[in-house]
Each structure stands twice: as C-alpha cells, then as structure tokens.
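Features reported for this protein in TrEMBL:
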| type | residues | note |
| --- | --- | --- |
| DOMAIN | 23-287 | domain 'NADH:quinone oxidoreductase/Mrp antiporter transmembrane' |
| TRANSMEM | 60-80 | transmembrane segment |
| TRANSMEM | 92-115 | transmembrane segment |
| TRANSMEM | 151-170 | transmembrane segment |
| TRANSMEM | 177-195 | transmembrane segment |
| TRANSMEM | 201-221 | transmembrane segment |
| TRANSMEM | 233-254 | transmembrane segment |
| TRANSMEM | 274-293 | transmembrane segment |
| DOMAIN | 289-341 | domain 'NADH dehydrogenase subunit 2 C-terminal' |
| TRANSMEM | 325-347 | transmembrane segment |
Amino acid sequence: MNPYILSTLLFGLGLGTTITFASSHWLLAWMGLEMNTLAIIPLMAQHHHPRAVEATTKYFLTQATGAAMLLFASTTNAWLTGQWDIQQMSHPLPITLITLALALKVGLAPLHSWLPEVLQGLDLTTGLILSTWQKLAPFALLIQIQPTNSTLLIALGLASTLVGGWGGLNQTQLRKILAYSSIAHLGWMVLVMQFSPSLTILTLLTYLIMTFSTFLVFKLNNSTNINALATSWAKAPALTSLTPLVLLSLGGLPPLTGFMPKWLILQELTKQDLATTATLAALTALLSLYFYLRLSYAMTLTMSPNNTAGTTPWRLPSLQTTMPLAISTTATLLLLPLTPAAVALLAL
C-alpha cells in the first residue's frame, strides 16, 4: 500500500478513537466510532484476497449495525430525558441498548460470532490492530456510561469467558484462537466494570501488552496455524523458549503479568458477595488455559522434520524489527511485582 495512503488511514484511525475519547455528546462519540470503522476497512481489504474481502464485508456490516443501534439508543435517550450527554444517562432502556450495541462492536458473547471469522480473514498486522486499538473507543464509552443493569453485565461477562474458552478448544488456526482469547479477556473486563472501572482499565492495558507480544511472535515466525509453530525453533530459538511463558501469561498463571488482573478481579468479585460468579469465571479460565498449553506444547515440545526446508530459515537473517517484540515480551512476563503499585493507583 502507498505509504501516504497508509499514513492517512492510520491518522484517521487515531483521530476516530481520540474523538470518541474526548466527546461528551453522543453524536460526536458516534462520529468517532464511524471514522474508526471507515479507516480500518481499506487496511483490512488491502490484500485483494476473497477471504480478506469477505472478512471486511462482515466487519463493516456488524460495525454498521452496532453504530446504528448506538445512534438509535442515544436518540431514544434524548427523546425520553432531553439529554445528549454521555455522563447523564438515567433511563434504563437506552442504557441497555447502548450496552448491547457496544458489546456487538467489541465482540462480547453472545454477540461475538463475527470476531473469529473476521480475524481469520486478515493478516496478522491488521488482526493486531483489530484486537487491540479497535477495542479502546467502545470500552471508553462503556466505562463512561456506567451501566446500571448489573445482571446484564455479569451475564455478558460470564458468557464471554465461557464462549472464549470453549470456542478455542478445537481450533487449529492461530488467528481464531486469538479471537476467542480476546472474547474471554473482554468478558473478564466486563465482569468487574460496574464495581471498579479503574480495574477494567488495568485489565485492558495488560491484555493489550500480552496480545501485542503474541501477535508479534506469530508474525515473526510467519505462522498462521498450529503446525507451522513447530518450525519456529529453527527461526528463533530464544524466542521459542520464551513464547510458552507469553502464552501462559495470557492464560493468567503466576508469576507472570497476566495473573495480576485475574487475581484482582476475583478479589473484587468476592468483596461484592459474588463468590459464585468469581468461581465460574475462574473455572472458565481453565478452558482458555488448555488451548494456551496446547500452543506451548506444539511450539516447544514437537519437532518439525529436520529437512532442508525446515532448517533454511535458521541460516537466513530476519528482516523484521524485533525491538517492539522485546519490550512487549518483557512487559508480558515481568510486571507482576508492580501489583502493589497498581493496587495503590486503583485506590486513588
């Protein structure tokens, strides 16, 4: 793609999210979300492949539906209460509608089925943008409206953690596995949103760091399915030994960064007398952990055929920059000792 066009699209992507962040009026927030969608569509369809075009079409239709629903709900709110302000949501009907519209936009279960299909049709770089940057604007709105319907949020959160774990079990395609991983993590964020919005933001940040390093690992290895991971020892032996730790951090095992948000969320849910919800969430995390372990096993404990095709990459230097990967991997593995600082910040 022409670098000028690419920079314009990336600028549009950044501007759309920034407008949504900065807006206090529903029309402006909607406009930011629309700019976001329109800026990423050419990026998704740039490899004129039927799958990419299909994924782009699916993405456009779901995002357009979510945006139309959001606009309808905010208009209904203005009609019922005379308010266009995001912070002044008081009527339960528009709040519920907006929560569902934003759930569709980020891919929370049971409105999730577009996400694995769309991610599977994209290359890893665009998939990374879709899994990280595109979640920010809808989440900012969700945190601002402070949905009062706690049953709806807990139902969405538990359904997402369950679907995110269950859906990834039988997958062989890495992008679909990452899509289900994304759904499960979003479920954890939504579970605790009404009790501690700052904890939701912390979980979102750790999710962004972990997902960033996972996508970059797969991009460096140029692997899109589980079988392709077996050749990674020849391409990057050091990275191959670190990747299982990155995946286990995504799964939320101590002493890695991914354990921090899960630990704090379970603690917060227990404080709110939701021990059953906390137990169910912890059990669904085991489902996700299974497929992360499966990926780790495929990457480090299975040997690919030791033929010329398998060992050639080892002799060829990689042309990709590895500094972002090094920084994000370090953050993915070593931030757990900062938990007391994070807890102190959350208490402010």
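Just so it is clear, glycine is given a Cβ too, placed from its N, Cα and C backbone atoms.
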Below 8 angstroms Cβ to Cβ, which residues of this chain, lying six or more residues outside the transmembrane segment (151-170), approach it?
96, 99, 103, 108-110, 112, 116, 176-177, 180-194, 274, 277, 280-281, 284-288, 290-291
Same-chain residues near the transmembrane segment (92-115), Cβ under 8 Å, at least 6 residues beyond its ends:
33, 58-59, 62-63, 65-67, 69-70, 72-74, 76-77, 80, 134-135, 138-139, 141-142, 145, 147-149, 152-153, 156-157, 159-160, 162-164, 179, 182-183, 186-187, 190
Confidence summary (mean pLDDT) of the domain 'NADH dehydrogenase subunit 2 C-terminal' (289-341):
83
Which of 60-80, 177-195, 274-293 contacts the transmembrane segment (233-254) most, counting Cβ pairs under 8 Å:
274-293
Below 8 angstroms Cβ to Cβ, which residues of this chain, lying six or more residues outside the transmembrane segment (60-80), approach it?
26-27, 29-30, 33-34, 37, 41, 89, 91, 93-95, 97-98, 100-102, 104-105, 114, 118
